[in-house]
Amino acid sequence: MARVVVDVMLKPEILDPQGQAVANALPRLGVNDVASVRIGRRVEIDFAGDADLERAREIADKLLANPVIEDYEIRVVEAA
Amino acid sequence: MSKIGVVTFPGSLDDGDAARAARISGAEVVRLWHADPDLHGVDAVVLPGGFSYGDYLRCGAIARFAPVMETIADAARGGMPVLGICNGFQILCEAHLLPGALTRNQHLHFRNRDQWLRVENSSTAWTNHFTEGQEILIPVKNGEGCYVADRRTLDELEAGGQIVARYIRGNPNGSSRDIAAIRNEAGNVLGIMPHPEHAVEALTGPSLDGLGFFSSVLKHLADAKAAA
């Protein structure tokens, strides 16, 4: 089995109110030196055979990320 | 009599109300099923509000790949009137039938209230019964209704008259340029965040303003038939 990881993040210019809410909560933990927090999504795709980066890219492009508001990065991860 | 199809996805909530609103407006209603690609001869389609496929991944992202959506996308590109309400608007954006995207409300709260809108464009299949500048009151209820697009797309929407309605007297979700509804270039596809189908009867709605969307499409279809 081969694992491909897709990290999906909101584009930098898109407001991330979830990230802001987390950032605003940090002072309550005593953390005061964080400038910004942004939240994304990690998707793990396990291929039955070899890792198929092209196919993973297609999945990311068509379904996992919305290119209007999100960017994504793809990488193969060695199975544990 | 014109036939309006109302799609039910797993997780649709407002399909019953949308069907009822279409019926009250004088349409024959045909219920469409997400897994059935056949449109059963309808003249127009409503994608209702709700949480299709649990809103997993992103709102509308999975519904876009439903068998019925492929047929609807083709029909929409061919000029069939399609109205997406709330989750339906999200589906239309995910299907690239409308530009931009709908994201988490800026304040992160679900908003449920009666909302004033100003109709900005009455040249669509779904808004020809309104006058431009008309103020209408219909309910809004969403958690992810904040419309976003890049500046160029927003400018193009403005220039092309594609912003069909704006929030007035308070923007409930942080939507760019107070956008509540947009249309495609041709004017047959309309996405709206608030819910016209909840404002069709005095007993349950804040106004009867929602009826205008359904009577508009019936007029549009009647005019098209007369011209044919």
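Cβ coordinates are placed from backbone N, Cα and C, and glycine is handled just like the others.
Unlike curated entries, TrEMBL annotations are predicted automatically.
Model, not experiment: these values are computed from the prediction.
For reference, TrEMBL has these:
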- B:CYS86: active site, nucleophile (ACT_SITE)
- B:HIS195: active site (ACT_SITE)
- B:GLU197: active site (ACT_SITE)
| request: Would you kindly give the Cα-Cα distance separating B:CYS86 (active site, nucleophile) and B:GLU197 (active site), rounded to the nearest Å? | output: 11
| Counting every protein chain present, what is the number of Cβ atoms, excluding its own, within 10 Å of the Cβ of B:HIS195 (active site)? | 24
| request: Identify, in sequence order, the residues in the chain of the residue listed as 'active site, nucleophile' that are 6 or more apart from it along the sequence and have a CB within less than 8 Å of its CB; answer 'none' if there are none. | output: B:ASP14, B:PRO48, B:GLY49, B:GLY50, B:LYS141, B:ASN142, B:GLY145, B:ILE192, B:MET193, B:PRO194, B:HIS195
| task | Using DSSP with the three-state reduction, classify B:GLU197 (active site) as helix, strand or coil. | result | helix
